[in-house]
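Peer 1: For reference, the structure I am asking about is given below.
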Amino acid sequence: MTFVLALLPSLIWGITNLLTPWVGGNLRQQLMGMSTGALALSAIVFAVLRPEISLPDAALAYASGLLISAGLYYILWAFKAIGVSRALPLTTGIQLVGLALFGVIGYGEWATTLAKVFGGLALIVITAGTAAISWEDRRSERVGDAADYPVIPLRYGLPAVLLASACFITYPAMLRVGEVSGFGTIAPQALGMFTGCALFTAARVGDAPVRMLLPGSRFAHAVALGGDHLHPLGARPRPWRTDLASRKFAAFVVLGALWLSAVAQLVWNNENIGVATAFPLSQLGVVISTLGALYWLKEPKTGRERRAIFAGAIALGIGAVLIGVAKSFDL
């Protein structure tokens, strides 16, 4: 039963990452729907558990929620640009390496010889997997349905993946430095996420956050290759009321609640099972999302790209487990 509970976050996140592009919609519907669902469930969790949290800790958790909203904005746009099968494993690999190095450099983790061996091996495997996922076949024939998500070259989506990864590395690192953890962080973090998503999807913002990463004619070129859906709020932005009264918004409210339930489960796992087991198993959802994107969403890829991405995703899963093994030798 413990193993099943440890796997729950990865299963939930793997499924929600697949359902996001399947439901579709613009970034306002996606971000506001998910943040609304997360905020609603976090309020219920807070009311039921009544966890204690100080004002400084709540402020830090709120700030981490703002970072989550920025990371979500860019990774969801990257899903539209280069596909889930490429964007998600790339950011997962970067996060695994970044957080591992943060722990080693900042907190002296992997202090024992065996921890260093398994940790170093994990970094090598993750780096190799990330490189495999990044590989692009120069042949133009791609198998898949590109009607809704015509995948564009990696170079257009990579800046968004890198910025999203930086946000997803910074927020847990920030909480660790501040020694903030537990169920008390969930509600203020969800509130920060909701605030950030509202700011990112404001009408005056438009395409500015993406244009910042693709200056000059690069954004226009990306849209020409990938389609008008690459405009974050749509090629012709609609009023808030129109977007938030849609069925897609309602679907993302449910997905946001599911996402938050995985966060709550991970908090419980960290406290009751241990970070060394809970963390690596929570990252295995990348395998579900990647395979689902290739074979269920049928993202357009050549046969060689599919094999490379498949191998890379498996390597990331192995690397995540090796990081958990390395952590276990520090206990």
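FYI, residue positions are counted from 1 along the chain as it appears here.
Glycine too: its Cβ is placed from the backbone N, Cα and C atoms.
So TrEMBL lists the following for this protein:
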| type | residues | note |
| --- | --- | --- |
| TRANSMEM | 6-24 | transmembrane segment |
| TRANSMEM | 31-49 | transmembrane segment |
| TRANSMEM | 55-76 | transmembrane segment |
| TRANSMEM | 88-108 | transmembrane segment |
| TRANSMEM | 114-135 | transmembrane segment |
| TRANSMEM | 156-174 | transmembrane segment |
| TRANSMEM | 186-205 | transmembrane segment |
| TRANSMEM | 249-268 | transmembrane segment |
| TRANSMEM | 274-297 | transmembrane segment |
| TRANSMEM | 309-329 | transmembrane segment |
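I'd like these features described in context: how deep, what's nearby, how far apart.
Peer 2: Sequence-distant contacts of the transmembrane segment (6-24) (same chain, at least 6 residues past either end, Cβ-Cβ under 8 Å): 30, 76, 79-80, 84, 88, 148-149, 248, 251-252, 255, 258-259, 261-263, 265-266, 269, 273, 277-278, 281-289, 292-293, 296-297.
Sequence-distant contacts of the transmembrane segment (31-49) (same chain, at least 6 residues past either end, Cβ-Cβ under 8 Å): 25, 69, 72-73, 76, 183, 186-187, 189-191, 193-194, 196-198, 200-201, 243-244, 248-261, 263-264.
Taking Cβ pairs closer than 8 Å, the transmembrane segment (114-135) reaches residues 86, 89-90, 93-94, 96-97, 100, 104, 154, 305, 308-309, 311-316, 318-320, 322-323, 325-327, 329-330 in its own chain, all 6 or more past its ends.
Here the transmembrane segment (156-174) has Cβ contacts under 8 Å with residues 60, 63-65, 67-68, 70-75, 77-78, 81-82, 86-87, 90-91, 94-95, 98-99, 102, 106, 210, 213-214, 218, 221-222, 225-226 of the same chain, all six or more residues outside its ends.
Non-local neighbours of the transmembrane segment (186-205) in the same chain are 27-28, 31-32, 34-36, 38-39, 41-43, 45-46, 53, 58-59, 61-70, 72-73, 232-233, 237, 239-240, 260, 263-264, 267; each lies 6+ residues outside the stretch with a CB under 8 Å from one of its CB atoms.
Non-local neighbours of the transmembrane segment (274-297) in the same chain are 6-7, 9-15, 17-18, 21-22, 83-85, 88-89, 92, 96, 145, 149, 262, 266, 306, 309-310, 313-314, 316-317, 320-324, 327-328, 330-331; each lies 6+ residues outside the stretch with a CB under 8 Å from one of its CB atoms.
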